[in-house]
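What follows is a single structure, written as structure tokens, with notes after it.
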Amino acid sequence: MKLASATSAGATWPSWVLVAAAVLVSGLLLAGPALRRRYPVAWWLLCGFPAVAFRVVQTWRPLMAGCGLAVSRRPALTVVSGLVGKGAPPPQPRVPRRGLIRPTSSGFVLLVRLLPGQVPEHFVKAAPAMAENWQVHSVRVTSWKPGVVRIVASAADPLADPRVPKQRGPGHLLRVTVGALETGAAWVVDLRRVPHWLIVGATRSGKSTLINALVAGLAPQPVALVGIDCKGGMELSLYEPRLSALATNREQAVRLLAALVDLTLDRMTLCRAARVRNIWGLSGKERPVPVVVIVDEIAELFLVASRNEKDEAHAAGTALIRLAQLGASLGVFLVVAGQRVGSDLGPGVTALRAQLGGRVCHRVADPGTAEMALGDLNPDALKAAQAITPEQAGTAVLASGDGWERARSHLITEAEAEAVAAEYAHLTPVLSELHVEAP
Ligand SMILES: Nc1ncnc2c1ncn2[C@@H]1O[C@H](COP(=O)(O)OP(=O)(O)O)[C@@H](O)[C@H]1O
Ligand SMILES: [Mg+2]
């Protein structure tokens, strides 16, 4: 009797465990999507990361071999082992040594030591294959220190739903948080560090949204905003209450740009008289207000049909280049947006492009535009720019002297930008020298 009850207890408890496990698994399956949305980091660390790390370990050797990153042992050794081992398989090729796979909040990081004869570019080329093999969104390879590369993988696109909060209040002068970087950090446009910017992108790729974010961030600051929008002012007139001047056709633009050049030259005289190298060396009272010039659709300024227009376009181009050359130290900053920035717009465009150090490339219609916007950077930057889909509007590749990054602007609608401009209209500096009337 006693024995019988003992066996029945022994038989029932594993089935209890099974039932409990089944309940737990089905519960997780049912609640999974909700948990994942609510606690993405915890979900990734507990469920996603272990699986992906296992995949990395499993596929490391075949992946390296498949990408041509394995180095075979000395041929002599292979022959000897064939003789001595009597048909035993020859020694496996050497693969690059991998460090610990460390999780991040949305992916993982891994250091890899290069084998003799390898350079980081070999690994950069293999990045797409790694992403496919490990089933992650993207893999970026950068040089870490001599002989070591750093592999950063993102499990999902961190820019699909960026988590960096929008900027509130004025913040630092001429510094605006306009969106989020792929790393999760804030995307900050700092005009004192990089004074002039070129923003390219096809129609509805997010150029105006980025300008909205920039204007919304600058509006509460003590700066003058100047607009040049030769498509009849359809875009920039939204911020008119906060603009110190606005040109809505090429004729006005040429006069406004000439006035801006004069203003810049006056500032130069001022600085020279005070024996300082830039306006930041002037004392607070005599320092002129920084001016941010926003040009929407640069092509409208340069494309010409007649001889007369050609002269205007030339004058506009020369003035813009002049402003870019002199402006940075004299507190005049340029933000130029356009769909195309090719030399087909005229010779001035190439020279202007060279002066605009900050580059933002949204989705573009043709590879040539991405190339012109990003310069001769790594080919992977161009690929990243060309991979942006229309659904990812606002996503862009940023380039500066020391590399490239993916980022996405905050979605600041026209209505929001208009409201911010109206709210801070009282801060609009009066620059009477920019009020250029028709002759
Ligand atoms: N950062 C963003 N996040 C989400 N959606 C965006 C973002 N930027 C742009 N969009 C969407 O794309 C549309 C077109 O953007 P817009 O800035 O007007 O493009 P463009 O000026 O290049 O023609 C916007 O109305 C918006 O719906
Ligand atoms: Mg636009």
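In case you wondered, yes, glycine gets a Cβ from its N, Cα and C as well.
DSSP assigns Thr203 (ATP binding site) to coil, not to a helix or a strand. Spatially close to Thr203 (ATP binding site) yet at least six residues away along the chain are Gln339, judged by Cβ distances under 8 angstroms. According to TrEMBL, the ATP binding site annotation covers Gly201, Ala202, Thr203, Arg204, Ser205, Gly206, Lys207, Ser208.
According to TrEMBL, the domain 'FtsK' annotation covers 184-371.
With a cut-off of 8 Å between Cβ atoms, none of the residues of this chain six or more beyond the transmembrane segment (13-32) come close. Annotation source TrEMBL lists transmembrane segment at 13-32 (among others).
Annotation source TrEMBL lists transmembrane segment at 39-57 (among others). Sequence-distant contacts of the transmembrane segment (39-57), counting only residues of its own chain at least 6 positions beyond either end whose CB sits under 8 Å from a CB of the stretch, comprise 98, 101, 103, 105-108, 110, 133-136, 153, 155.
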Where ligand 1 binds, which of the binding-site residues Ala202, Ser205, Gly206 are close by, with Cβ under 6 Å?
Ser205, Gly206
Near ligand 2, meaning Cβ under 6 Å from any of its atoms: which of the binding-site residues Gly201, Ala202, Arg204, Ser205, Gly206, Ser208 fit that description?
Ser208
Sort out the sequence-distant neighbours of Lys207 (ATP binding site) for me: same chain, 6+ apart, CB within less than 8 Å of its CB, listed by position.
Ile199, Val200, Gly201, Asp296, Ala337, Gly338, His362
Please report the three-state DSSP label of Ser208 (ATP binding site).
helix
For Ala202 (ATP binding site), which residues in the same chain are close in space, meaning a Cβ under 8 Å from its Cβ, but six or more apart along the sequence?
Gln339, His362, Arg363, Val364, Ala365
